[in-house]
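Student: Please find one structure pasted underneath; my questions will follow.
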Amino acid sequence: MAAPKVAVVGAGVIGLSTALCIAESCPSCSVTVLSDQFSPKTTSDVAAGMLIPHTYPGTPIHLQKQWFKETFTYLFAISNSAEASEAGIHLVSGWQVFKNTPKEELPFWSDIVLGFRPMSKAELQKFPQHRFGQAFTTLKCDCLPYLLWLEKRLKATGVQIYSRKVADLWELHSEYNVVVNCTGIGARQLVGDEKLFPIRGQVLKVHAPWVKNFIRDGDGLTYIYPGIHRVTLGGTREKGNWSLSPNPGTTKDIFDRCCSLEPSLRGAQDIKVKVGLRPSRQSVRLEREVLSQGGVKLPVVHNYGHGAGGFSVHRGTAKEAARLVRECIAALQGPSSRAKL
């Protein structure tokens with residue numbers, strides 16, 4: 001068959017990295033990214049981009065660990081390259097603190113981040129409200145430069161990128177051999193996934209260049225994540241809330257909570273408020289499906305539903321989605337399908 005045509009729908013971190021993995025692992029493919037939203041207007045642009053995994057109750061831990069390790073390894077290599085600044089990727093050290101000792105003192109990812117250890121009593125004195133803590137070094141993606149860097153990589157690999165609103169995956173069947181659905185929260189409407197729901201996140205992006213270490217409350221609700229140019233303060237986890245309008249009361253609450261962990265933030269300036277809807281479900285939907293109408297088939301690969309953990313596992317799930325795309329193409333090239341194509 002001629003070069004298989006693959007469409008990736010969605011241009012957040014999942015869509016762009018999935019398109020890149022397909023282009024890298026299947027050079028004979030013609031890959032196109034279609035989306036009605038691009039950076040800086042994607043949910044990924046609101047994310048803090050810290051590599052601290054979120055746990056998916058419906059996904060086996062060994063898979064989550066593999067996805068995180070592949071993502072960490074990939075970004076660590078970029079952080080050690082001349083492209084680190086352009087890609088917005090850097091190492092950051094800090095603390096995760098708990099008011100009570102957690103059941104799991106060693107999370108499944110503790111041997112992937114760097115230098116994971118319990119905090120000393122002296123370190124804990126910085127956090128008088130907390131009784132236990134973990135210190136480690138991880139990676140942070142500054143989302144805007146990282147998404148632009150991914151787009152640049154895609155164009156250099158020959159991937160086409162078009163602005164297009166896809167209302168139904170089936171509308172692509174006459175143009176593409178395989179369609180990859182990376183539409184995040186949009187998949188609820190696009191493919192009718194009722195298991196997908198928004199968890200609204202409101203964050204503040206502030207100018208506080210003296211803050212060098214990340215601080216994360218163990219409940220995951222309050223966090224301070226320093227980036228290259230701005231510090232992200234968070235946050236909220238409002239299940240089922242679709243509002244993209246900033247809430248001034250929430251802004252004050254986030255700021256006060258973060259200042260209780262790092263009082264010097266009272267001097268932060270140029271506070272910008274961002275809101276995003278995390279595409280959440282019990283497990284990431286990462287699977288093949290064949291749509292069929294009137295005897296015509298369209299292979300689809302789904303890769304969405306990463307919730308709060310998209311940046312932590314994006315490269316790992318993109319590699320798996322690319323493998324599923326290669327399986328679809330192999331099936332198309334099989335003897336039974338050759339005649340139809």
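One is the number of the first residue shown, and numbering goes on along the chain from there.
Keep in mind that glycine also has a Cβ here, set from the backbone N, Cα and C atoms.
Annotations per TrEMBL:
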type: BINDING; residues: Thr43, Ser44, Val166, Thr183; note: FAD binding site
type: BINDING; residues: Tyr223, Arg278; note: D-dopa binding site
type: DOMAIN; residues: 5-324; note: domain 'FAD dependent oxidoreductase'
type: SIGNAL; residues: 1-19; note: signal peptide
Student: List, by number or range, the same-chain residues at least 6 past the signal peptide (1-19) whose CB is under 8 A from its CB atoms?
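Tutor: Same-chain residues near the signal peptide (1-19) but 6 or more away: 26, 28-35, 37-39, 42-44, 47, 141, 143, 146-147, 150-151, 154, 159, 161, 166, 169, 172, 175-184, 186, 190, 303-304, 306, 310-311, 314-315, 317-318, 321-322, 325, 329, 332-333, 338, 341.
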Student: Let's check the environment of Thr183 (FAD binding site): how many other CB atoms sit within 10 Å of its CB?
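Tutor: 30, counting other Cβ atoms within 10 Å of Thr183 (FAD binding site).
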Student: For each of Ser44, Tyr223, count the other CB atoms within 10 A of its CB; which of these binding-site residues has the top count?
Tutor: Ser44
Student: Give, as a single whole number between 0 and 100, the mean pLDDT over the domain 'FAD dependent oxidoreductase' (5-324).
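Tutor: Mean pLDDT, the domain 'FAD dependent oxidoreductase' (5-324): 96.
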Student: What residues, ordered by sequence, lie under 8 A Cβ-to-Cβ from Arg278 (D-dopa binding site) and sit at least six positions away in the same chain?
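Tutor: Within the chain, Arg278 (D-dopa binding site) has Cβ neighbours under 8 Å at Thr43, Ile185, Pro198, Ile199, Arg200, Gly201, Arg237, Gly307, Ala308, Gly310.
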Student: Roughly how many Å lie between the Cα atoms of Thr183 (FAD binding site) and Tyr223 (D-dopa binding site), rounded to a whole value?
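Tutor: With distance taken Cα to Cα, Tyr223 (D-dopa binding site) is 27 Å from Thr183 (FAD binding site).
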Student: Can you tell me how many other Cβ atoms are located within 10 Å of the Cβ belonging to Val166 (FAD binding site)?
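Tutor: Summing over all protein chains shown, Val166 (FAD binding site) has 19 other Cβ atoms within 10 Å.
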Student: What whole-number Å value do you get for the CA-CA distance of Tyr223 (D-dopa binding site) and Val166 (FAD binding site)?
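Tutor: Given the Cα positions, Tyr223 (D-dopa binding site) is 35 Å from Val166 (FAD binding site).
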